[in-house]
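Chemist: I'd like to ask you about the structure that follows.
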């Protein structure tokens, strides 16, 4: 193996002529040269570089260079300053005996050292600190250290120090104090604030030791508790900052500002090191998400994360306690969710919240580039749904109050009769067997309810528009949602609480109408309820690349069509009667039943396929749906013919068709 060696400044330069077997690597050119003499050398040269050098030179000296100290008497080298000091103390005492007094201000060497420290660690604050040392009775090798500012002597902070720490600090203040190991008298010294250590060593006293302070003093001590855990005495919850625990007590426990200090308990952090520094850097609670505890750099990033990720929760009233309890509503006021939901909408409609023409939100003073972005912001952040007719809000406040009441009104579970669900194109819309059977039982009651509503419809056309809207609102809610079963018939979703169903209804409401959102394929007439179905359809049927999908995906939301609930229910009613007439021949009503046959569910389930590389689908020319097997496609085409020739007369003459015959 060839020898890889670099030249040294003092070595004799062999050029490899005597040793042809080994190849020497050419050395670093500065190491081959003799040292250049400059006007200043040693520490003076470094000080001059920090005083008048470039930014790059300062960076090299601070970050990329290690210092080796050389004793001028014995030429010994030391990599650390403490080793050099110990060496000079015991083996090579300095040539000039220094007295114990402070150095003269006019001394050039001390002035140069001060300039060096000022250049490396520029002091932002010139405030002085007072250090008080108190002896410990049980331990003679350590003292209590109290640090306070001269401008505010009330704020006294306490930290314990190790013997090495106390020795260094006492040597700086006076040499006589360092010779006595047990400290008997308390001494007060005025020192300059160190750059980092004092800030991290500061810890706040407990609530018993600290006197009552003003609100300004409370705000200044927000970030001084990095080494301690703050505990709420009422619920024993831990916090990292005083601001977080004060906000928690004020919002959750409803305590006044004057009583906050009584409910805060301070406990030392167990993972704190011996010098008082915390091992883990604690992120302030105000910059972390209260739901998922993810930390961010700024509060604006926390708000943006909360609006986009946790969009179902209210940002202004959310707290970690309420967010983690599953059954408790997210409102801080102790009122029912239905009432609070209603009052919130009424309160929001009492004044102008937005300006559609200027695309500006008047609640948080934000301006947006388009009305779509403003509507999205109002729906996600403020939970206000805007429609095209909502721009008249500012002109007629009375009408807005009525319309908001109509929009929010939820019928009680006792008075609402449930009706069967509606079926759309989405293949995930198949029902569980229990839900399907339950809703088949409720079908006659729902149709009786429909007959009653039809008989009352002439009365609903009264001169007052608000009353008419209220009358027509009830059947729409009951047609799309089952408040007894807590079930959305449009999405086939079951909810655990009435509040969750109420929040879900907001997603289906636009002004005074209930709609169902459909995503449409931009290349054909295919449309579905789910966005991922459109993406799958474009990939499998139209054979488009992922690059094309990246362009199309953003516009799918804009192309989405909001169809009213009547359109969805009527569409299912057209598809269903031919099957329901055969199955329920004893029913007295004509084909208005919305419950479909299981045959159509099976046909829709057949379109869900697993795509592989060696795979070809059978596509329908009429609607663009693709099927894995040809039998599924032929069966699907029969449904098109059945829908085209669907009439009451044809249904009577037609025989009963079963699933086994259809699939043969």
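These residue numbers are counts, starting from 1, taken along the chain as shown.
Each residue, glycine too, has its Cβ placed from N, Cα and C.
Okay, these came from Swiss-Prot:
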- 69-91: zinc finger (ZN_FING)
- 132: SUMO2 cross-link (CROSSLNK)
- 154-179: compositional bias 'Polar residues' (COMPBIAS)
- 154-224: region 'Disordered' (REGION)
- 207-224: compositional bias 'Polar residues' (COMPBIAS)
- 230-253: zinc finger (ZN_FING)
- 279: SUMO2 cross-link (CROSSLNK)
- 287-310: zinc finger (ZN_FING)
- 317: phosphoserine (MOD_RES)
- 319: phosphothreonine (MOD_RES)
- 328-349: region 'Disordered' (REGION)
- 336: phosphoserine (MOD_RES)
- 339-348: compositional bias 'Basic residues' (COMPBIAS)
- 357-382: zinc finger (ZN_FING)
- 388-476: region 'Disordered' (REGION)
- 392: SUMO2 cross-link (CROSSLNK)
- 409: SUMO1 cross-link (CROSSLNK)
- 409: SUMO2 cross-link (CROSSLNK)
- 416-436: compositional bias 'Polar residues' (COMPBIAS)
- 422: phosphoserine (MOD_RES)
- 426: phosphoserine (MOD_RES)
- 455: phosphoserine (MOD_RES)
- 457: phosphoserine (MOD_RES)
- 458-470: compositional bias 'Polar residues' (COMPBIAS)
- 460: phosphoserine (MOD_RES)
- 462: phosphoserine (MOD_RES)
- 476: SUMO2 cross-link (CROSSLNK)
- 486-508: zinc finger (ZN_FING)
- 519-542: zinc finger (ZN_FING)
- 574-599: region 'Disordered' (REGION)
- 577-591: compositional bias 'Basic and acidic residues' (COMPBIAS)
- 599: SUMO2 cross-link (CROSSLNK)
- 618-640: zinc finger (ZN_FING)
- 635-664: region 'Disordered' (REGION)
- 653-664: compositional bias 'Basic residues' (COMPBIAS)
Chemist: Find the member of 230-253, 357-382, 519-542, 618-640 that has more C-beta pairs under 8 Å to the zinc finger (287-310) than any other listed stretch.
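Modeler: It is 357-382 that shares the most Cβ pairs under 8 Å with the zinc finger (287-310).
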Chemist: Using a threshold of three or more Cβ pairs below 8 Å, and leaving out pairs closer than 6 in sequence, do the zinc finger (69-91) and the zinc finger (519-542) count as in contact?
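Modeler: With fewer than 3 qualifying Cβ pairs, these stretches do not touch.
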Chemist: In the three-state scheme derived from DSSP, which category covers residue 132 (SUMO2 cross-link)?
Modeler: strand
Chemist: Summarise the model confidence on the zinc finger (287-310) as a single mean pLDDT, whole number.
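Modeler: Reported value for the zinc finger (287-310) is a mean pLDDT of 79.
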Chemist: Within 10 Å of the Cβ of residue 132 (SUMO2 cross-link), how many other Cβ atoms can be counted across all chains shown?
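Modeler: There are 16 of them.
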